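Colleague: Below you'll find the structure I mean.
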Amino acid sequence: MEHSRERGRSSNMRHNSREPYENPSRSRSLSRDPNQVDRRQPRSASQIRVPNLFHRKKTDALIVPPAPKDICPTLKKGFLCDSKFCKKDHQLDSLNDHELLLLIARRTCGIIESNSQITSPKDMRLANPTAEDFSQGNSPKLTLAVLLQIAEHWATRDLRQIEDSKLRALLTLCAVLTRKFSKSQLGLLCETHLRHEGLGQDQADSVLEVYQRLHSDKGGNFEAALWQQWDRQSLIMFISAFLNIALQIPCESSSVVVSGLATLYPAQDNSTPSEATNDTTWSSTVE
């Protein structure tokens with residue numbers, strides 16, 4: 001009897017001694033001791049929040065549309081073009097795989113000798129020209145009249161042998177003259193460009209995008225990107241086409257502007273037959 005009572009007492013003592021460790025959360029008080037120091041682990045460097053103000057802005061390179069290509073039909077047929085009067089594009093990158101393989105096959109057989117000229121690379125310093133590259137010297141003031149004289153002069157020149165600094169300056173001239181056009185006339189400028197170069201409508205989007213981005217270009221960033229990413233031959237073709245058409249198409253389409261400026265046209269002058277005919281046609285359209 002006493003032995004069973006002692007055994008029951010010892011089991012109760014073991015149970016009571018084990019009870020505080022069953023649930024440790026019970027022993028924690030809800031009220032925090034004010035004298036207790038809160039020792040938290042310091043945040044790692046990856047957890048520290050940095051204000052967005054100090055994040056450096058990412059500046060990606062400008063995406064330039066592909067240059068319009070008018071591939072030489074002789075080259076597309078697999079023959080090397082040896083004509084000195086052909087003004088089409090002769091870049092082999094413009095050919096598809098079939099046309100390129102056909103050209104290689106004919107070339108390796110020795111049927112046609114190559115007379116193609118390899119264009120020299122552009123001076124990439126001129127993508128962002130400095131004052132030394134375009135020193136003004138004693139040049140006249142750049143008025144609208146001077147811009148037109150420069151455009152008329154270079155519209156009739158062959159640009160294939162021109163030096164890089166002048167070609168870069170002509171690209172700037174095209175950008176400046178493009179901004180003299182009304183934004184509504186950029187579509188007409190694109191259509192005239194396609195007709196002048198004999199390009200298909202599949203090239204219209206690229207040409208129109210170039211004119212639109214030159215028109216809204218701030219700081220010459222897109223102009224510099226064109227110089228960097230287009231090859232020399234594409235730049236020459238684009239500049240030549242622009243200089244030939246820019247002085248021939250209207251720069252304004254607003255009927256109010258056109259009718260208002262038409263009244264300011266000088267009176268008929270019979271000094272030369274060409275001027276007289278031009279005045280006659282103008283006056284007839286105005287009336």
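Placement of Cβ uses the backbone N, Cα and C atoms for every residue, glycine included.
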Colleague: Which is it, of 53-71, 72-90, 129-147, 186-204, that Swiss-Prot names as zinc finger?
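Modeller: Result: 72-90 is the stretch Swiss-Prot calls zinc finger.
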Colleague: I'm checking region-level scores; what's the whole-number mean pLDDT for the region 'Oligomerization' (94-112)?
Modeller: 64
Colleague: For the region 'Interaction with the nucleoprotein' (180-197), give the DSSP counts of helix residues, strand residues and coil residues.
Modeller: 15 helix, 0 strand, 3 coil
